[in-house]
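Beneath this line is the structure, given in structure tokens, with notes to follow.
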Amino acid sequence: MANVVVVGSQWGDEGKGKIVDWLSEQADVVVRFQGGHNAGHTLVIDGVSYKLSLLPSGVVRGKLSVIGNGVVIDPHALVAEMGRLAEQGVSVSPQTLKIADNATLILSLHRELDALRESAAAGTKIGTTKRGIGPAYEDKVGRRAIRVMDLANLQTLPAKIDRMLAHHNALRRGLGEPEIEASAIYDELASVADKVLPFMDTVWSLLDQRRRAGDRILFEGAQGALLDIDHGTYPFVTSSNTVAGQAATGSGLGPGAVSYVLGITKAYTTRVGEGPFPSEQDNEVGDFLGTRGHEFGTVTGRKRRCGWFDSVLVRQTVSTSGINGIALTKLDVLDGLDEIRICVAYELDGKRIEHLPASQGEQARVKPIYETLPGWKESTKGARSWAELPAQAVKYVRYVEELIGAPVTMLSTSPERDDTILVQNPFQD
Ligand code: IMP
């Protein structure tokens with residue numbers, strides 16, 4: 001049985017929501033395996049728009065939805081998100097949502113620390129979502145995190161909180177911030193325990209059973225592979241592994257559980273926050289793409305930086321995530337341009353290179369080498385077959401495939417679910 005991992009192949013915001021929703025309708029189980037409520041997925045179903053951050057997209061369709069151990073969970077944000085969905089008539093019950101007992105919690109002190117660092121001296125700014133994601137993962141790796149299961153044993157919390165605060169209060173003293181009282185953290189956790197615990201489960205075991213029973217599992221990645229803590233544009237990255245391999249580690253299944261990796265890929269490039277962006281167009285082209293593509297963050301509302309399609313980066317992601325095929329999104333945003341550029345390689349210190357180097361200094365120095373293709377005047381919006389696309393648009397898509405070394409398996413031509421050209425269904429690989 002095919003289990004599909006969906007990852008963003010650029011810096012996030014590739015339009016995963018629609019594709020994940022389309023796939024989740026065919027899945028039995030939908031699993032989040034990394035990140036937290038820094039993600040923002042918009043699903044449009046029957047004209048109604050649902051905005052999800054932490055919850056797997058499957059909740060809207062009543063599918064078994066799982067938050068795996070690799071996710072960091074702000075319990076208050078979780079409860080608030082469920083509340084917002086309830087107002088839209090979507091109820092999330094302990095039968096449909098399972099949360100890993102060994103997942104790490106994001107606390108208010110993580111959120112505060114994230115914001116403090118971001119407002120500190122220039123040069124250290126990452127442009128995070130200020131959701132506390134990085135500090136929570138630091139505590140996980142530092143072996144001082146509070147985890148979901150700890151909410152079930154409140155009497156064990158004081159010792160764990162002391163351990164965590166020994167670290168955080170030292171940091172806060174250094175930053176000139178007041179220390180945090182252990183009782184404040186205890187109260188914060190105790191107040192939310194009853195709301196979270198009904199959803200807690202031994203997720204690795206549940207997923208193993210479902211996999212053996214032949215269920216179709218959809219692993220829903222958040223952010224994008226270029227924000228991966230190992231493979232991304234470090235240090236301008238998020239604090240989790242966002243590449244497809246994390247689907248196994250972040251859910252408790254072995255790597256053999258994954259049979260198809262779908263990379264969601266935007267027909268141009270965007271990025272939110274700081275960091276290198278070789279094909280960025282800080283000019284009228286970028287403004288055109290941003291306006292046409294409505295490039296504002298779902299979570300923070302920030303204006304996204306925009307630029308030409310960078311095939312070097314996506315080719316790299318095809319390798320680091322083992323992408324079998326891509327879903328190409330937002331092609332219609334390019335409609336009407338006289339010429340379209342594609343970055344095909346970089347120049348670094350006078351030499352042509354075919355990949356983005358790992359060094360921060362070199363990443364800042366690479367210059368894009370472009371090829372220019374003729375644009376098309378006709379609209380591609382809403383096309384549902386190749387025949388409806390202008391010849392130049394088809395050429396553009398074929399050239400993208402050639403450059404990145406992976407086929408387009410789906411082409412999305414508007415936010416509406418039926419405005420899709422399907423080449424191959426990843427679940428029926
Ligand atoms: P953090 O994940 O909040 O720590 O932010 C680290 C970097 O990842 C920043 O550049 C954010 O803008 C970026 N980022 C985090 N989540 C997303 C997302 O869902 N889409 C796009 N960028 C994101």
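Along the chain as shown, residues are numbered 1 onward.
The backbone N, Cα and C atoms fix where each Cβ goes, and this holds for glycine too.
Here the structure is a predicted model, which means the values were calculated and not measured.
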Record-annotated IMP site (TrEMBL): member among Arg84, Arg292, Arg302 besides Asp13, Glu14, Gly15, Lys16, Asn38, Ala39, Gly40, His41, Thr129, Arg143, Gln223, Thr238: Arg302
Recorded positions near Thr129 (IMP binding site), in sequence order, restricted to Lys18, His41, Thr300 and a 10 Å Cα cut-off: Thr300
Where the C-beta lies under 6 angstroms from ligand 1, the matching recorded positions among Gly15, His41, Lys140, Thr300, Thr413: none
Three-class DSSP secondary structure - Leu331 (GTP binding site): helix
8 Å Cβ shell about Thr298, Val299, Thr300, Gly301, Arg302, Lys303, Arg304 centroid, substrate site members excluded: Gly40, Val272, Phe296, Gly297
Nearest of the binding-site residues (Asn38, Thr298, Val299, Gly301, Lys303) to Thr413 (GTP binding site), judged by Cα-Cα distance: Thr298
Length of the line joining the Cα atoms of Arg302 (IMP binding site) and Asp13 (active site, proton acceptor), in Å: 12
